[in-house]
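What Swiss-Prot says about this protein:
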BINDING   Gly169, Asp170, Arg171, Gln172, Ile173, Gly174, Lys175, Thr176  ATP binding site
SITE      Ser373  site 'Required for activity'
Amino acid sequence: MQLNSTEISDLIKQRIESFEVVSEARNEGTIVSVSDGIIRIHGLADVMQGEMIELPGGRYALALNLERDSVGAVVMGPYADLKEGMKVTGTGRILEVPVGPELLGRVVNTLGEPIDGKGPIEAKMTSPVEVIAPGVIDRKSVDQPVQTGYKSVDSMIPIGRGQRELIIGDRQIGKTALAIDAIINQKDSGIFSIYVAIGQKASTIANVVRKLEEHGALQNTIVVVASASESAALQYLAPYAGCAMGEYFRDRGEDALIVYDDLSKQAVAYRQISLLLKRPPGREAFPGDVFYLHSRLLERAARVNEEYVERFTNGEVKGKTGSLTALPIIETQAGDVSAFVPTNVISITDGQIFLQTELFNAGVRPAVDPGISVSRVGGSAQTKIIKKLSGGIRTALAAYRELAAFAQFSSDLDEATKKQLDHGQKVTELMKQKQYAPMSVFDQALTIFAAERGYLDDVELNKVLDFEAALLSYARGQYAELAAEIDKSGAYNDEIEAQLKKLTDDFKATQTW
């Protein structure tokens, strides 16, 4: 087959006309150094703070330092195989995690990927991990309770929906136990829970997940894990990821509770990243913005008003407020609450539950110190019956502690002082509670009623908890309607007071404890 010159030129023209050039603009850079999970990238223009940078092998790094001729980024995952000269690409996106009800009952990592072996999560939505907190106009005052199930907390240091209540104390004195019991107590309350484990041993986290499952609370809970073996970047980001998952419920008129266990380890991870990025260190070698690290996280816990929810859902949800309640945990060293991170978080939160080593070792568990524990807003959210009955509990305990200190120096005490000491001892004994045994509103109200009205005065100290158990068992059997009414409404009036008095008198007459 022979082609003449005209046909050849026509064929070439045809090919040129049909040729399509597909060009793609890529923001590319080159790795110039790798050390301890920090990479420096040259040539990556137009990158923003917190942008995800795609690395070879489907991994990502987070841009944190934007310098004149390079970008400092922290690798989210293993980095041993990264080398100088490798090409990286800017994505133009900031980190987002999957959110929604599909995550309930699952254990995920910081990026929202399942790590519980129960298959993929079919989440329909994602949300940025860094979000600006709701403004002043969008918020509503806290006036609904979060029942933790602990007598000592719900009576003296009440927590409201949308509050930030710090749990602070030394290691191994029950901080996590208190938070986990609070989550277990929400299984029938309509409050969704998020538990964020930061820098903990994998075995400890597995035990927490097992306990939540055993007590039927895992189905309403999302567990976010950044264990001690994870990179510092993932430990630093885990609380923000968990918060984004909680905000999904808050912004749709639901209530959620989030536990950060613990923010001390997050601050240490952030300090590690900052020092490796050569940011100037400050007090205790923490960077200058460690306060902002926690304030921008905890300010996202709030109660938002009906207008905010309606606007956010485009009118789909009307007349409902939403809330995200935060229980951050801080570990102190030898009870030093004046260290840098503890004082920061105390100043950000709406109160603190202080757990004391001396009380824990003395067998008072939960080891809540009522003297320096406080709730700045929860009082207005307290259940009515608990608020009415528990007014004297804190006073009795404070007076008992003060008198007990003086009583050590004096043997001849007057009758009034002896009576006050005896009452204080019994109230302290009554505040003890076993782990994984949260109490209902009725159980707490009846126990406090018995203590406040002097029904424990003739009960021996070592029989106080037996008396309580027998009283509650009797009440649930003989006064089931009253128990159901108080659990449902939390109301208190003269009629309920008379019924509680009759109940306790009837029980005392049986002498069965």
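Every residue gets a Cβ built from N, Cα and C, even glycine.
Gly169 (ATP binding site) falls within a strand when secondary structure is assigned with DSSP. A Cα-Cα distance of 15 Å separates Gly174 (ATP binding site) from Ser373 (site 'Required for activity'). Within 8 Å of the centroid defined by the CB atoms of Gly169, Asp170, Arg171, Gln172, Ile173, Gly174, Lys175, Thr176, the record's ATP site, lie the Cβ atoms of Glu331, Leu355, Phe360, excluding the listed residues themselves. Per-site Cβ counts within 10 Å over the recorded positions Asp170, Gly174, Lys175, Ser373 peak at Lys175.
The two recorded residues Asp170 (ATP binding site) and Ser373 (site 'Required for activity') have their Cα atoms spaced 15 Å from each other. Long-range C-beta contacts of Thr176 (ATP binding site), restricted to its own chain and to partners at least six residues apart, with a cutoff below 8 Å, comprise Val208, Asp261, Ile329. When other Cβ atoms within 10 Å of the Cβ of Arg171 (ATP binding site) are tallied across all protein chains shown, the result is 11. Cα spacing between Ile173 (ATP binding site) and Ser373 (site 'Required for activity'): 15 Å, rounded to the nearest whole number. For the pair Gln172 (ATP binding site) and Ser373 (site 'Required for activity'), the Cα-Cα distance reads 18 Å.
Cβ contacts within 10 Å of Gln172 (ATP binding site), excluding its own Cβ and spanning all protein chains shown: 10. When other Cβ atoms within 10 Å of the Cβ of Gly169 (ATP binding site) are tallied across all protein chains shown, the result is 27. If you take the Cα of Arg171 (ATP binding site) and the Cα of Ser373 (site 'Required for activity'), they are about 18 angstrom apart, rounded to a whole number. A gap of 14 Å separates the Cα atoms of Lys175 (ATP binding site) and Ser373 (site 'Required for activity'). Other Cβ atoms within 10 Å of the Cβ of Ile173 (ATP binding site) number 22 in total over all chains.
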